[in-house]
Amino acid sequence: MKLLAVRRLLRIQRVVIRYRLDDLILELPMLPWWLRLLGATLPWRWLPRRKLELTRGARLRLALQDLGPIFIKFGQILSTRRDLLPDDIANELAWLQDKVPPFPPELAVKRIEEQLGAKIEQVFARFEREPLASASVAQVHAARLKSGEEVVVKVIRPNLEPVIRSDIAWLFILARLAERVSSEARRLHPVEVVSDYEKTIVDELDLLREAANASQLRRNFEGSPLLYVPQVYWDWCRPKVLVMERIYGIPVTDLETLRDQRTDFKALAERGVEIFFTQVFRDSFFHADMHPGNIFVSTRAPWSPQYIAVDCGIVGSLTDEDQDYLARNLIAFFKRDYRKVAQLHIDSGWVPAETKVNDFEAAIRTVCEPIFEKPLKDISFGQVLLRLFQTARRFNMEIQPQLVLLQKTLLNIEGLGRQLYPELDLWATAQPFLERWMRERVSPKQLLRNFQQQVEQVPHLSQMARDTLERLSQPHAHNTPPPEWKGSRHDWLGRLVGAVLLVGAAEVGLGQQLEAWPAWVMLAGGVFLILRR
């Protein structure tokens with residue numbers, strides 16, 4: 001392992017020198033003066049250099065490609081963090097292609113047989129040794145099950161884990177070094193960025209997780225004309241092998257073929273937007289890797305086109321609170337109610353509770369008002385979220401991984417939609433959906449469902465209330481809310497009153513099965529104050 005780490009370090013050094021990435025590093029404004037001076041004395045900086053007619057973004061992209069699959073994937077993920085990167089670098093990194101030569105079919109067969117505990121001929125009536133596709137983490141082969149179904153078999157590359165551990169270890173070293181030497185770097189949380197990447201890549205190595213994600217997404221859109229997700233064949237799925245239904249569709253970027261079959265491009269673009277908002281707000285479970293390589297269009301009914309989604313290795317989800325705040329943020333933003341946008345960020349706990357609303361509102365207005373100089377149909381939803389996140393970061397907004405995934409997915413969907421149909425008015429498509437969803441949140445049916453859920457939490461809330469009151473009664477207790485009660489001081493003080501009411505209800509009525517009417521009143525008031533948003 002140590003030998004591998006040293007070899008990787010030497011490899012990284014060679015690539016840095018070849019593409020003169022040291023020039024880019026020394027140009028960083030966050031670099032302290034003494035480190036800039038030390039960097040200028042590096043031995044290779046005194047040697048003759050060949051002229052590179054490349055932008056800084058192109059040099060970084062080529063360097064990551066030379067460093068191999070793990071760095072390529074890191075660059076792809078980094079390209080989605082436009083709240084951290086300059087636009088020119090983020091745009092260049094978005095061109096990184098996760099395509100590598102396939103590994104020998106003999107190794108694929110061996111790994112499949114090890115995982116399934118059976119010979120390939122015992123499971124498949126036909127197995128194509130030439131892979132359909134090959135990427136940094138896995139490759140895919142076509143096959144037919146003994147029972148006759150046409151399938152694809154995805155298999156993780158052999159001997160990948162040691163390389164991943166070594167590369168991630170070096171990324172952590174670089175991230176910690178950056179945090180140690182620069183306060184500006186600390187603001188960008190490089191260690192958290194690498195941790196997020198580590199979780200993503202580790203999750204992608206577990207194909208059972210991907211199978212479960214695909215099954216959930218398929219169930220959510222069962223019978224839907226919007227989206228089809230291939231069936232998972234669980235009997236033949238293992239941690240390193242995934243067997244799914246083989247689908248036949250047109251790549252969403254193959255505009256010529258889609259045009260030849262008379263696809264309704266306007267409907268196709270609008271359905272992409274509808275799929276996104278349905279996943280986020282109806283299901284709170286969304287495919288977070290919807291780049292063009294993972295999306296196809298069914299050849300059936302081109303006048304009413306249906307998407308096909310594959311590769312569910314990366315998914316995201318939102319809590320009820322995040323859904324609510326996100327919807328209200330978007331609606332408030334498009335109404336130019338910057339005060340409400342600022343207050344919602346504070347109430348949600350996305351920025352510190354002590355943030356001054358007036359200052360935050362002014363910062364949001366300064367960044368976002370120019371966006372509205374464009375016609376509404378030309379405004380990018382993804383850019384709206386991006387600008388909000390960039391502004392909030394200046395006010396110490398903590399990284400919200402689920403929101404980063406959401407923004408990345410929205411940018412993908414939006415870019416794809418406008419490629420299919422340039423006149424796509426995303427707001428006109430999304431606004432009715434968001435407003436309908438907000439109305440349904442307060443419908444009698446939904447309120448009844450919420451009340452039933454709240455009643456189930458009463459025993460837990462009563463205990464939490466007791467714990468909180470006991471904590472606050474301690475002589476040296478800090479006047480801070482429990483971590484479960486994130487939000488503004490006004491919110492948690494209200495919840496504290498709710499805690500007192502709950503304990504009172506427990507004392508007055510719970511012992512007599514709530515026969516005393518005051519217990520009912522205190523119980524209802526306590527539940528409302530604690531659970532309200």
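Think of each number as a place in line: the chain as shown, counted from 1.
Glycine is no exception: its Cβ is also placed from the backbone N, Cα and C atoms.
Cross-referencing LYS110, LYS154, LYS199 against the ATP binding annotation in Swiss-Prot, which names LEU132, ALA133, SER134, ALA135, SER136, VAL137, ALA138, GLN139, VAL140, picks out LYS154. Taking the centre of the Cβ atoms of LEU132, ALA133, SER134, ALA135, SER136, VAL137, ALA138, GLN139, VAL140, LYS154 as the ATP site, the nearby residues of that chain (Cβ within 8 Å, site residues left out) are PRO102, PRO131, VAL155. Cβ-based crowding with a 10 Å cutoff singles out ALA138 as the top-ranked of the binding-site residues LEU132, ALA138, VAL140.
Taken over all pairs of the listed ATP-binding residues (LEU132, ALA133, SER134, ALA135, SER136, VAL137, ALA138, GLN139, VAL140, LYS154), the Cα spread reaches a maximum of 14 Å, rounded to the nearest whole number. The two recorded residues LEU132 (ATP binding site) and ASP289 (active site, proton acceptor) have their Cα atoms spaced 20 Å from each other. Around the Cβ of ASP289 (active site, proton acceptor), 22 further Cβ atoms fall within 10 Å across all displayed protein chains. You'll find the Cα of ALA138 (ATP binding site) roughly 16 Å from the Cα of ASP289 (active site, proton acceptor).
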